[in-house]
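**Q** Pulled these features from TrEMBL for this protein:
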type: COMPBIAS; residues: 570-585; note: compositional bias 'Basic and acidic residues'
type: DOMAIN; residues: 37-195; note: domain 'Bicarbonate transporter-like transmembrane'
type: DOMAIN; residues: 208-392; note: domain 'Bicarbonate transporter-like transmembrane'
type: DOMAIN; residues: 443-498; note: domain 'Bicarbonate transporter-like transmembrane'
type: REGION; residues: 500-521; note: region 'Disordered'
type: REGION; residues: 557-585; note: region 'Disordered'
type: TRANSMEM; residues: 63-81; note: transmembrane segment
type: TRANSMEM; residues: 93-113; note: transmembrane segment
type: TRANSMEM; residues: 139-160; note: transmembrane segment
type: TRANSMEM; residues: 172-190; note: transmembrane segment
type: TRANSMEM; residues: 210-231; note: transmembrane segment
type: TRANSMEM; residues: 243-262; note: transmembrane segment
type: TRANSMEM; residues: 319-337; note: transmembrane segment
type: TRANSMEM; residues: 358-380; note: transmembrane segment
type: TRANSMEM; residues: 400-420; note: transmembrane segment
type: TRANSMEM; residues: 427-446; note: transmembrane segment
type: TRANSMEM; residues: 452-477; note: transmembrane segment
Amino acid sequence: MSRAEVPLMRKKRRSRQSARASAVAIDAATSDVGQEVVERRAFCLEDYVTAARNPSKTLSASLFMFFATLFSTVALGSLIEKQTLSRIGLTEYLYMNSLAGIIHSLLGTQPLLVIRPTGPVTAIIIKLSGTSDHFGFNFHHFLAATGVWVGLLLAAMAVARVSRYAYRLTPFTHEIFACFVCSIYLSDGISSCIARLEGSEASFERFGTALFNLNLAAITFGGSAVLAGAVSWRLLPRSMRAVIADYAVTIAVVFTTAASLWSDIAAPRVERISMPSTFSPTCHHTPSDFECLHQHVPEPSLVTAPPRAWFVGFPVEPFCWLVALAAALPISFFFFIDQSISSLLCQLPSMGLRRGTYMHVSLLIVGVFNAVGPAFGLPFVTGSLPHSPQFVAESRVAPLLMYTLMGLPLLSPGLLKLIPEAAIDGILAYVGYEGIVSTDLVLHGFTAIQLAMLALCWAVNLSPAGLCVAFVVLSLIPLRERLLPRYFSTEQLAVLDGGSLASPLTPQPTPPKARPSRVAPDPHMSHAIVVHGEAPLAAAANEETAEVTVGDQAELSARLTEPDFSQPPEETRVSREKVVVDYLD
């Protein structure tokens with residue numbers, strides 16, 4: 001064995017260890033919904049006891065997640081309010097984020113998942129708004145009908161245990177999907193900044209206002225990036241640097257808001273987040289446009305009109321239900337992929353979870369949210385990754401407290417109204433940029449293929465068939481399983497996929513049991529190799545009999561390159577030319 005093969009052997013050994021550690025999780029994840037409920041119920045009381053034993057850790061995780069999730073949700077809610085002509089906005093985003101999160105933290109089998117409206121959800125709702133305009137549907141009725149179909153499809157997937165096939169979503173698919181999602185954030189942030197410059201050449205005042213807002217966006221983006229790297233500073237104590245890095249976006253937004261209020265001349269010209277003064281829906285109606293058809297646009301006269309009712313109802317036209325079903329099919333597949341990847345990554349063996357792995361119940365609950373929420377004009381939700389490693393304590397109290405805090409801005413919207421919209425652009429751009437650079441996409445040897453598929457995702461997303469991007473993501477599975485093995489060996493794909501192919505749901509083949517072999521001791525050699533088939537096994541020659549298994553292959557092989565410095569060099573030198581290769585049967 002050459003020295004170059006030792007890292008690969010060690011990587012294989014770590015994969016086997018992960019597989020053994022997740023053996024119980026594989027069985028749990030392939031159980032049905034009822035079994036998951038029964039198994040998780042046994043730990044219900046312990047979930048709250050864990051929080052009581054670690055109050056400071058629970059509080060810090062809740063606050064960290066609150067600020068990290070809040071500004072991302074605020075950015076998306078502000079964006080969709082502009083893109084959908086105020087049919088749905090920040091109020092609905094915060095309300096759904098808080099309500100769905102509280103329910104999931106109490107009833108979900110895996111509270112590690114962060115349930116919220118994400119960037120892809122925002123893109124989907126914007127496309128549904130355009131579809132309702134195209135066909136002349138009531139937007140809220142069309143959204144409600146689509147939500148019913150999405151909820152039914154996700155519930156059927158949960159009951160049919162479709163999540164058991166989520167192990168086929170390898171890192172090849174993970175990283176392309178993650179980059180696509182993050183690129184949506186990045187694109188939205190940059191597009192909003194560019195839009196501020198449109199028409200600014202008409203007057204010096206408009207140009208100055210646009211330039212000032214661009215500076216605010218740049219301050220938010222640059223400040224977040226600089227503060228996020230505080231852990232590598234040498235200036236402050238390590239604990240303080242960690243706090244600064246964790247709350248980088250929050251600190252940057254606070255500083256940007258203060259900068260926008262500093263000048264009495266510039267402050268009135270800064271566009272800020274709009275929210276209803278009371279807890280009410282974003283959309284308002286005039287008496288002549290009560291049904292909020294596709295002609296509805298935000299006008300100054302609508303400010304004095306009453307808001308829409310919370311319950312929007314369902315369409316009566318069969319054609320609307322048919323179009324909603326056609327839209328719900330790709331949306332459901334997209335949500336399944338998003339939910340499955342998030343569930344896999346937050347339940348890897350490296351997380352050290354001790355209360356099992358659960359997939360189906362969370363998918364079912366998300367289906368219920370997406371069936372009921374749109375009937376009240378609320379956005380879809382799906383699972384996303386936990387931003388805080390402290391959530392690994394498997395406590396329900398931390399997410400419960402975080403989601404409760406998410407609803408507080410609805411009771412006092414004045415604080416959010418101070419945030420400049422340019423800061424939202426900076427947040428979106430930073431979140432997208434940070435997500436892209438944190439993946440291993442640029443490190444793999446098959447980066448060109450991944451980038452090509454990422455470009456295809458964007459091409460479909462920008463086309464009239466944008467909702468079908470889920471099918472493109474699904475096609476990555478046969479591409480990875482059928483096409484790439486023709487050009488890359490199994491060992492190469494294992495390394496290129498980051499060596500983490502063993503997810504909690506990956507079925508692990510049982511290694512062949514090696515028969516014991518007898519190796520005659522050789523006083524002139526420090527090691528001997530026993531080979532069965534193609535697997536070289538190392539055994540210590542100073543023992544009369546050495547029984548070696550395939551599981552010890554990597555460790556014992558590595559010992560060939562590690563001399564024993566406790567003995568004289570001439571007695572410990574390993575001669576590759578004299579290694580005994582035995583093919584005993």
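Every residue number used here counts from 1 along the chain in the order it is shown.
Each Cβ is built from the backbone N, Cα and C atoms, and glycine gets one as well.
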**Q** Mark yes when the transmembrane segment (93-113) and the transmembrane segment (358-380) have three or more Cβ pairs under 8 Å (sequence separation 6 or more) and no when they do not.
**A** yes
**Q** Quickly jot the same-chain residues contacting the transmembrane segment (319-337) by Cβ under 8 Å, restricted to those at least six beyond its ends, or write none.
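**A** For the transmembrane segment (319-337), the sequence-distant neighbours (Cβ-Cβ under 8 Å, at least 6 residues beyond its ends) are 120, 124, 128, 131, 135, 137, 141-142, 145-146, 148-150, 153-154, 157, 162-163, 169, 177, 363, 366, 370, 380, 382, 467-471, 473-474.
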**Q** Test the contact criterion for the transmembrane segment (63-81) and the transmembrane segment (243-262): 3 or more CB pairs under 8 Å, pairs 6 or more apart in sequence, then answer yes or no.
**A** yes
**Q** DSSP says what for the domain 'Bicarbonate transporter-like transmembrane' (443-498): how many helix, strand, coil residues?
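**A** Final tally across the stretch: 45 helix, 0 strand, 11 coil.
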**Q** What residues elsewhere in the chain lie close to the transmembrane segment (400-420), defined as a C-beta under 8 angstroms and at least 6 residues from its ends?
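**A** Here the qualifying positions are 58-59, 61-63, 65-66, 69-70, 73-74, 90-91, 94-95, 97-99, 101-102, 105-106, 213, 216, 253, 256-257, 260-261, 270-277, 279.
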**Q** If we skip the immediate neighbours and take only residues 6+ beyond the ends of the transmembrane segment (243-262), which ones have a Cβ under 8 Å from one of its Cβ atoms?
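**A** Those are 64, 67-68, 71, 216, 219-221, 223-231, 236, 270, 272, 418-420, 422-423, 426-427, 430-431, in sequence order.
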**Q** Which residues, given as numbers and ranges, are at least 6 beyond the ends of the transmembrane segment (210-231) yet have a Cβ under 8 Å from it?
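**A** 189, 193, 196-197, 200, 238, 241-242, 244-245, 247-249, 251-253, 255-256, 259-260, 266, 269-271, 420-423, 425-427, 429-430, 433-434.
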